[in-house]
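Structure first, commentary second.
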Amino acid sequence: MKLAIIAGDGIGPEVTAEAVKVLDAVVPGVQKTSYDLGARRFHATGEVLPDSVVAELRNHDAILLGAIGDPSVPSGVLERGLLLRLRFELDHHINLRPARLYPGVASPLSGNPGIDFVVVREGTEGPYTGNGGAIRVGTPNEVATEVSVNTAFGVRRVVADAFERARRRRKHLTLVHKTNVLTLAGGLWLRTVDEVGECYPDVEVAYQHVDAATIHMITDPGRFDVIVTDNLFGDIITDLAAAVCGGIGLAASGNIDATRANPSMFEPVHGSAPDIAGQGIADPTAAIMSVALLLSHLGEHDAAARVDRAVEAHLATRGSERLATSDVGERIAAAL
């Protein structure tokens, strides 16, 4: 296995170090190459993501990312120039966000309900393609547009992936959209789910408007198994899903090229938290959970399950104890 590591900014290097510690414990001998990308490189060289680095990243099996973002860099420079560029250059058309409430983790929902679903979010289309513009900026007559792009090809490959995941799980898929208002894009998503669903007669299909889905994610999250949705709606509901499962500090994600032509990238959802960087108190659990996703994607299912069980044991027994970053990594690695 050849792994590229982008530790990034803030707490990124700290949590990534613990994730790598767990990876080495469960799968020894991984070839690792670290890339200095983020605020430090930007300030030193003016570069965000050189073409040469993109070419090198393509030669790896996967990418492990820590966190990107620093208040010393103008807003959007790293987010668009690094994170979004990687997504489009490496065709990460699926953003995978598991949502599971682990034993021992407090949910803001009463009764700690059973929550275990996954959101399959389209990652390269929708309103995030940069298709739009503005005229008469700064005047009372300013007009700004953001065009949401949805292609039959792009929608179908994400829907097909979601059905495959539903078949391997509890055989239930929910399409989340807003078809009563976004009739053109929504119609494409609905037709595609119907067409692809014919190949999966064992998977039950449901539809919910995005506003209804947010309500049910709070009042009845157990109804969801696999959710498939577009880029914008997915961006919103995945953070809500993280909130009901204990917060983004316990949320992992995968940015996936399902064709495997390019390396997929795995990362914790949380930000770079520069206010606590260097103090050794950042929780690396989400970064370690990202390792489990990475291993599963690469077919190392037994190793992925071992990491997940070790994380579950850690969360179930940690109580209110505040552990140092390195202690969390050691504890989870020891439980493998």
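Counting starts with 1 at the first residue shown.
The backbone N, Cα and C atoms fix where each Cβ goes, glycine too.
Source: prediction; values computed, not measured.
When Arg58, Arg121, Arg136, Arg170 are compared with the substrate site residues Arg87, Arg97, Asp211 in Swiss-Prot, the one appearing in that site is Arg121.
In this structure, the C-alpha atom of Asp275 (NAD(+) binding site) lies 25 angstrom from that of Asp235 (Mg(2+) binding site). For the recorded site, Arg97 (substrate binding site), the DSSP three-state label reads strand. Neighbour list (Arg121 (substrate binding site), Cβ cut-off 8 Å, at least 6 residues apart, same chain): Ile94, Asn95, Leu96, Arg97, Val158, Val228, Thr229, Asp230, Asn231, Phe233, Gly234, Asp235, Thr238. Site extent for NAD(+): the farthest pair of Cα atoms among Gly271, Ser272, Ala273, Pro274, Asp275, Ile276, Ala277, Gly278, Gln279, Gly280, Ile281, Ala282, Asp283 sits 16 Å apart. With all protein chains in the displayed structure included, the most crowded Cβ environment within 10 Å among the recorded positions Arg87, Arg97, Lys178 is that of Arg97. In sequence order, Arg322, Ala324, Thr325 constitute the residues six or more apart from Ile281 (NAD(+) binding site) in its chain with CB-CB distances below 8 Å.
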